[in-house]
Every structure is written in structure tokens, then in C-alpha cells.
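What TrEMBL annotates here:
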- 146-375: domain 'ABC transmembrane type-2' (DOMAIN)
- 25-45: transmembrane segment (TRANSMEM)
- 184-205: transmembrane segment (TRANSMEM)
- 235-256: transmembrane segment (TRANSMEM)
- 262-281: transmembrane segment (TRANSMEM)
- 293-314: transmembrane segment (TRANSMEM)
- 353-372: transmembrane segment (TRANSMEM)
Amino acid sequence: MMFFSFRRTGAVLVKEFIQLRRDTVTLRMIIMIPIVQLLLFGYALNTDPKHLPTAVISYDNGAMARAVVAGLKNTQYFSIDYEVHSDKEGRALLQRGDVLFVLSIPANFERDIVRGAHPDILIEADASDPVAAVGALNAANGMMQRLLNEELSGPLAKLKQSPPAFNVMAHRLYNPEGFTRYNIVPGLIAIILTMTGIMMTALAMTRERERGTMENLLAMPVSPLEVMVGKITPYILIGFFQSALIIIAAKLMFGVPIVGSLWLLFAALTVFITCNMALGFTISAAAKNQTQALQLSIMILLPSILLSGFMFPFLGMPTWAQYLGNIIPATHFIAISRGILLKGSAFSDIWPHLWPLLVFMVAITIVAILRYRRTLD
């Protein structure tokens, strides 16, 4: 019978630390992942976003209209980034996702307040992201009225009493009921395809190396591009199948509306899937084995979930976090899928998010080919 030995246990312990030191990828992940998570959750992610992009349409240039705009700014939920001159311009900004809110102040706003007519001001909100819309709309209802009361002095002081001098009308566009699933399910397409696409491609190539079948590829009269296209095409088809399943389930099980063109969605989907496959191919060329390929895939998946706008409002993140998020393909495809499914976005609406995907696809494909050619050498 063998008794427990601290000496033998210590020898195994030392062996594990030596192996860990040699496995630089795992060692970097042990150090980097907690730091990255701390920075992201501490600084970048916010469930109550502030300074959200807003457009103003004011048909009245009086002091009280200016007080309403000032009140909107002082809530800290709104950042007045656009001043437009028509409802059509404001709706176009909402459609493209350039703003989350449009404030409309009617003509003769100040005159109607003085007469006690209780005019309406309208706030249109992009409720495809209900988390961002709810807090801001709640803040707008009370704060603007209090700040406007400062303008009601002298003979107008009686207007401070209830009912309010004006009414705030909120219209939640694209998701009037504020269902969270309308926001989550379209974004889920991007996250699932990122996870499965990168991992499957990376593991498929490293598996060839571990099983010794890479030599068969080396012996074939094919170029690196031909190998890459042949390897990733099956997974592109799998990505289409996964996307179709998600969209069908979203419609039948969760009632998610499909307002726009599915052909346009699948065209953008082709670019996005190719981005992920090429990225997985690049990882496979850098990883020594399947474990490292899986670890590197997870390191890419984490920011894709946290910085893409999938879980937290993208426009509510700090500027530096938005810059990082714009590098991630999932950020742009989530905006595209939500725009097409919920808003009925056309090609011109999604183009600001489609061209970064095209640039990323070309760039990462070139990197993947160069890395694979180096592997062949």
C-alpha cells in the first residue's frame, strides 16, 4: 500500500509549473483574462448608459423651447449631436442607428404654454435597444418640466401648478412593447456564428496537424488560398443553416418581427461568416495544438460578447470602448441584423456597418493566407 508522500506530490507540482511556464498561451490567458474582465466590467460596461446620441427638431426658437433642450442635456442621458429641420431627417437618423432619440418641439410652443394650451413635445426612441431607451425616457419626463418651471416666472408662475405646462409624448419605435427578446435574438445570430465559426475552423486545422494529416495537404498540388477556401466552405454552409434555424425559431417561438429583406440579411451574413472563418484560420496557424486554438478562440469571443452591443448598449459605452468595439466584426453584424429584422433597413442604411466587415474580411483573409503559407514553409 502506497501512502501519501509530500515529496512525490511536490515533484508533480513542480512538473506542472514547468509545463505551465512553457505553455505561454495558457500563461498569458491566466494573467490577461482577469485584467481584461476587470477593465471591461469596471469602465466600459454600463447597464444605465448616459450621453446617448440625440437629434433635435425645433419648430420654435423661443426661450422655453431652449429650456426644454437644456433640460434634456442636464439629465446627462442625452447628448445633442444633431439639429435637423424635418421629421424625415430625424427618422432617417434613427433608421441608420446614428441616434437613439429624436426630440420634436412643435411650432408656437411658447405661445401655447402662455395661453395654457398644454402643447405636446414628442420624443421618438429607438426601442430596438430597450435597455438604453427606458432609463432615458424616465429621466426626460420629470427633469424637463422642472427646468422649464424656472422660465415660468412673474405672470406665468401660475403655470407651474398641475396639470403640467406641456406634455411629453414618448413613441417607442421598432419595439413598442419593449421586449428584450427582440433585442437579444437578432444579436444572438452574431454571437453563435462567432463562437462556432472561429472555433470550428481553428480546431479543424489544428486537428490536421495533431493527427499528422497535414502532410497530405502539403503533398497536394494546391495553393494556400485553395486550401483555405476548401476548408472553410463547409463551415460557411453550416453557418447559413444555423442562422436559418435561429431566424425561424425567433419568428415562431419568440414572435420576433422580420420587417426587412432576408436576402439582404443573408448577403451580409456571407461576409460576416467569412470574416469569422478567416479569423479561425489565422488562429489555427498561430496555435500549436487544439487546446491553444480553443483558448485563443475564447479570448476573441469574450470581447465579441461584451463590446459588441449584444449585452450592453453600444452607444452608452465610453468612447475608447466604442473604438475597440468597432474593430470587432460582431459589432457591425449585430447592428445590421437588428436593423434589417426590426427596422426594415435597406442597403443604404446598413452600408456604414457593411463596409467595415468587407475591409476586415479582405484584411484577415490576407493575413490567414500569409500565416498558412508560413506554416507550409
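Using N, Cα and C of the backbone, Cβ positions are placed for all residues, glycine too.
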_Interface present between the transmembrane segment (293-314) and the transmembrane segment (25-45) (three or more C-beta pairs under 8 A)_ = yes
*Sequence-remote partners of the transmembrane segment (353-372) [C-beta within less than 8 Å, at least six residues beyond its ends]*: 224-225, 227-228, 268, 271-272, 274-275, 278-279, 281-282, 285-286, 326, 329, 332-333, 335-336, 339, 347
